[in-house]
């Protein structure tokens, strides 16, 4: 019986307290230096902001309300345990009586708008309070107050005559009281009324309010007035913004429905056992009250429940973070060793960002993108099943990649990976206690934590045989569920003789109860298709099995699960399936369908010259991670045949073995899936028969061509030859009428596609990215199902086919980097479903056809870097266009009035010299970037809409009217060599970047925004007063300087660390410091303008060398550009300071070329809260006091 019988299984029913107490003793919080040392730490709450209902990340009114509600709740509960779990009885905090309480003035809306929205609520199952049976009086009574308080959401429908009713005003006052006291969510609808009139009680609304207030007590009037002022500031739905009232109602009811879903407690984790103890331990490691970025490892054997714990933790705390994501089964997506490690890491990072920011088709070009996108975001990231350091390097290489307060959770079986990555916060997951194991088993066998009557004894016996492994308990319990006690008793003797507590025996039992067809499906998934989409598996195996029903049954038996569309089988189950397949050959020879998997299993079969000639159905061989040469008999390879599924990665293997393996294709005329990574031959064998082929995946191959002539391809659905850089041509594909995806990315030698492409009537995705030799596309007049066409960086492509207009279902067209493309066909306007059109860096393109005006579903038009583009079509209005980017279209002279719905307009680097008045009607416009031109002052209406201004090189002064740009956030003055001074500028500015302004001497201004960032690289003529102003009035700065200024009384003139002593008086909660560093070159041969950023950490330790903080500068986790004779300053907050001595260290990467020559620290004003909270001092007083403080040297 092995170790199972040593468990000493007890039938005693433990109390919850006993279970938790025992669990705590068995679980460890480990440091990587000593895996048995335990640490216990306290915790607090934090919160998450984004909650998006729309794919384009627009946050709805409902989402904002919900976020505020959650924030209030977090504030109210900040002193409680942040991971404390609700009991079943209290999982819903209140007994709600209604979903929605509407407050409205009946005469205005009851028979029109209100009746329609109530009907929409009814159709969506939203319970709305109706006051038909309440008798009206001068003031609202207890019944109505209870109805308001008992509603999850209050919707205030503000109309012109709303304030004419004292009843409505009393309702509103009560609603706003509930909002303040109990965090009730309040949504607003402004129906034919301006919020300003409500806030200020003006206009027709104000007249009605004045009339209602006559003769009323002053206290009551003030209560009404305060309620109106408050409700007017709540972002809501404006009827004036909607052309169609029905659309507005549908939007409101959908938002309300989605919000109500958040009130429904999750049942996804009901029935999990022992989670309270796991969360208590993890709480000590998470320390959500700290702003440091922390990585936590969850370490334990396979099947112990690491993934379940991580998912549960994610469910508990992820909504307190700005961004969150779970990356599952990472090791399955990252081969070892990796043929192209950089590409694999890039793909992993791409997947992470895609989930994190909800951008399905995100494209990244280098591994620094994650750091750039996430460095200021509070992130909760789970990295599941990590087994290589390279995976962590791709996804979470440094804590500086993420914003303050971020938490990265890594689950792994390998403690060495965590040690190598420097992760010293590790939670070791121990096996559950006897009582917990029994409850886990019972939950899966009986659907409750106790066995059914009469099953007590036998349930305990089976639990003991499961070896306390959660996966085994789950699988075995599911297998016995619903069976009679007699069936259990017949099964038990067999379990006792074959089970020794190992998971393989447990899975064997669950496997044996499957019918033969489901067993085959299980083995197919384990050996070939783990991680594949259900669609592909159904297509590939549908000929042999009832895949749909089989997948459903395997999922019920807990043998597989689904991650969206993809099938997931646990690693242990996969290992069991592969081992079972190998044993079948050993015990049964070729009497069963054979699946050859892994070098060991394949060698056992193929290294014996006596092996009979027999049929095989599938082979999965990964040899790229096998260093020793395999001894496979070539004679055997000649006799094994009839493979339907071939999956091989033989990279780095000897040519002899490569050629021998290719014989498998010769003798397999009915192949359905050929997946061969790094195929070495120049062409597939002439005898290769693709007639039955459904999937062809030959990525990173050495192919020059696939085959000669025309072959029958009627079953082919997926073809991927990406990264086959020597591929010069494709065969005739006219018979591939069912092909859905054709991927040829990075086939850089491919010159043209065959004309037979036009026969691909089922094609949905055509990916030709980086096919730099491709000169033309054939006609695609029959590609009516095409959804994505990717042609970016096809730099030799001269034109698009006229037939592209027949691709009426095309959603995304990317021709960025097609630098030889001169014009677009007029038929482009026939692609009426097009949503994203990217023409960036089409540097030869002169104009767009007027037919582009037909693209009424186009959301994004990106033409950045189209340097020859002279004009856009006129007299068109793309009603769906949201983003228009024309940056660096240097020949564009006319203003692009092609839509009135644009929210993001970028005209930097264009030759535009006017801003038409019509732009004022573009109500959605939120981001408007433009370069300066002399006549800009003639368009004062532009001053209220420009957010980013780029000044030209020849400018001699910044016009004084720039100060009037009330929304200006960014100002760039690069290479303005004649500029001598800066005048007073807009207080709205967040960022000024003045690079290489060689004559700039004075700053005749002050900066009233304490959060402003000022950068003046290579402005060497700046006088001392200007440099002092820059240094002391912003949170981040860069400017010329030869030494750390004397006002930094704590200085180190050599090295990158220094020690400071604080005053002995009581220390505040938070201390603020300004840090200053100056760089020196290590390599004197470097150019003075280094293009590589330098990463700088700030590590703060106390006198005991204990780490207090590890942070980075408040704007950049890296310094750029790197320049000598320049000063870099930035502010930082240090929280919970208890020591009177602090050591500041400035470790940096890129030390080969640069190092920190001098550094300094200046203690600023102290605050009890971080900068995100309300400051103690006004911006102006903060600026002056810190400036004086520095001059005095105190």
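Residue numbers in this text run from 1 along the chain shown.
Using the three backbone atoms N, Cα and C, a Cβ is placed for every residue, glycine included.
Worth saying up front: this structure is predicted, and the values here are computed from it rather than measured.
Copied over from Swiss-Prot, here are the features:
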- 1-27: region 'Disordered' (REGION)
- 96-260: domain 'TIR' (DOMAIN)
- 105, 106, 107, 108, 109, 110: NAD(+) binding site (BINDING)
- 171: active site (ACT_SITE)
- 280-535: domain 'NB-ARC' (DOMAIN)
- 658-681: repeat 'LRR 2' (REPEAT)
- 690-713: repeat 'LRR 3' (REPEAT)
- 714-737: repeat 'LRR 4' (REPEAT)
- 739-760: repeat 'LRR 5' (REPEAT)
- 786-807: repeat 'LRR 7' (REPEAT)
- 808-831: repeat 'LRR 8' (REPEAT)
- 832-855: repeat 'LRR 9' (REPEAT)
- 866-878: repeat 'LRR 10' (REPEAT)
- 879-899: repeat 'LRR 11' (REPEAT)
- 900-922: repeat 'LRR 12' (REPEAT)
- 943-965: repeat 'LRR 13' (REPEAT)
- 966-991: repeat 'LRR 14' (REPEAT)
- 1170-1194: region 'Disordered' (REGION)
- 1171-1185: compositional bias 'Low complexity' (COMPBIAS)
Against the repeat 'LRR 9' (832-855), which of these stretches has the most C-beta pairs under 8 Å: 739-760, 866-878, 879-899, 943-965, 966-991?
866-878
Return the single residue from the recorded positions list (108, 171) that has the minimum number of other CB atoms within 10 Å.
108
Cβ neighbours within 10 Å, counted over all protein chains: which one of the binding-site residues 105, 110 has the most?
105
With Cβ-Cβ distances below 8 Å as the criterion, list the same-chain residues six or more beyond the ends of the repeat 'LRR 8' (808-831) that contact it, or say none.
361, 769, 784-802, 837-855, 862
Other Cβ atoms within 10 Å is the metric here; tell me which of the binding-site residues 107, 109 scores highest.
109
Report the DSSP secondary-structure composition of the repeat 'LRR 11' (879-899) as helix, strand and coil residue counts.
0 helix, 3 strand, 18 coil
Give the sequence-ordered set of same-chain residues, not counting 105, 106, 107, 108, 109, 110, with Cβ within 8 Å of the centre of the Cβ atoms defining the NAD(+) site.
104, 111, 114, 159, 161
Over the repeat 'LRR 9' (832-855), what is the model's average pLDDT?
93
The residue listed as 'active site' versus residue 106 (NAD(+) binding site) - Cα distance in angstrom:
13
Inter-residue Cα distance where the pair is the residue listed as 'active site' and residue 109 (NAD(+) binding site), in Å:
17
Work out how many Å separate residue 110 (NAD(+) binding site) and residue 171 (active site) at their Cα atoms, rounded off.
17
If you measure residue 105 (NAD(+) binding site) to the residue listed as 'active site' at Cα, how many Å is it?
11
Sort out the residues at least 6 away from either end of the repeat 'LRR 7' (786-807), same chain, that have Cβ-Cβ distances under 8 Å to it, and list them.
745, 758, 763-780, 813-825, 827-831, 838
